[in-house]
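Per TrEMBL, these features apply:
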COMPBIAS  A:102-111  compositional bias 'Basic and acidic residues'
COMPBIAS  A:112-126  compositional bias 'Basic residues'
COMPBIAS  A:127-162  compositional bias 'Basic and acidic residues'
COMPBIAS  A:163-172  compositional bias 'Basic residues'
COMPBIAS  A:178-198  compositional bias 'Basic and acidic residues'
COMPBIAS  A:201-211  compositional bias 'Low complexity'
COMPBIAS  A:222-231  compositional bias 'Low complexity'
DOMAIN    A:16-94  domain 'RRM'
REGION    A:102-251  region 'Disordered'
Amino acid sequence: MSHFGRSGPPDITDTYSLLILNISFRTTADDLFPLFDKYGKVVDIFIPKDRRTGDSRGFAFVRYKYSDEAQKAVDRLDGREVDGREITVQFAKYGPNAERIDRGRIIEKSHSPRVRGRSRSPRRSSRYRDDYRDTYRGDYRDRGYRRSRSRSRDRYDRYRGRDRGHRYRSRSRSYSPDYDRGRGRSRYDDERWSRSRSIESPGPRRSLSPPLTTPTRDKSPASRSASPKRSLSPNGRPLDSRSPSPGPAEE
DNA sequence: GTTGAGCGTT
């Protein structure tokens, strides 16, 4: 395992980013490092991964220190077979923060984008999380990911939609009329309901057990199963209501 | 366990 991407971008000053496409989902930075490091000084390798599954997304970013080395890597590694797939190496068009990039080189870097005019935005801090999520989601939609791209994304979209719906529902509950009426107990009841359901969850599961092993019905098959055995003797005579050992008695 | 256009890290 490499230390790339452990604590964010180390130093992206005067570095040239390369975009590696069409790589295998199992390919990691460790697999790409020896390949790209052979053609130059690699300062960083980053492979975007899914937020939830943590799996690779199928592309990586390799940052070189010099442009000539990056160009050489593009020329030499572009079309190279890695992990059974032909990778595509090209200069990155966009920077990590959507900065201007020229052939992989970051022209404008967000060094001090702190104050741009008025420092009046206290709500921004609160909105940080929402903004982050919105930006993440909006990014996908802005890039046209909504179009049919692949099955994997569709599956993720389904998860995303479900999660969003859940959140919406949660918020909707906050704005519930009952809550507006000042019925604090309602909320408690709701919480208790939630908890009750949690505890009741394993209940029904256990309830399902009894039907499977119904006492009354359980005896039926057992009785029937033992009935033919005990009811019929080797001679074919029912010794069920008879003496347990009629044979020895006669003998 | 799967998939395959594209541009990024707590």
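Each Cβ is built from the backbone N, Cα and C atoms, and glycine gets one as well.
Since the structure is predicted, the reported quantities are computational estimates derived from the model, not experimental observations.
The average pLDDT computed over the domain 'RRM' (A:16-94) stands at 94. When the domain 'RRM' (A:16-94) is classified with DSSP, helix, strand and coil residues number 20 helix, 26 strand, 33 coil.
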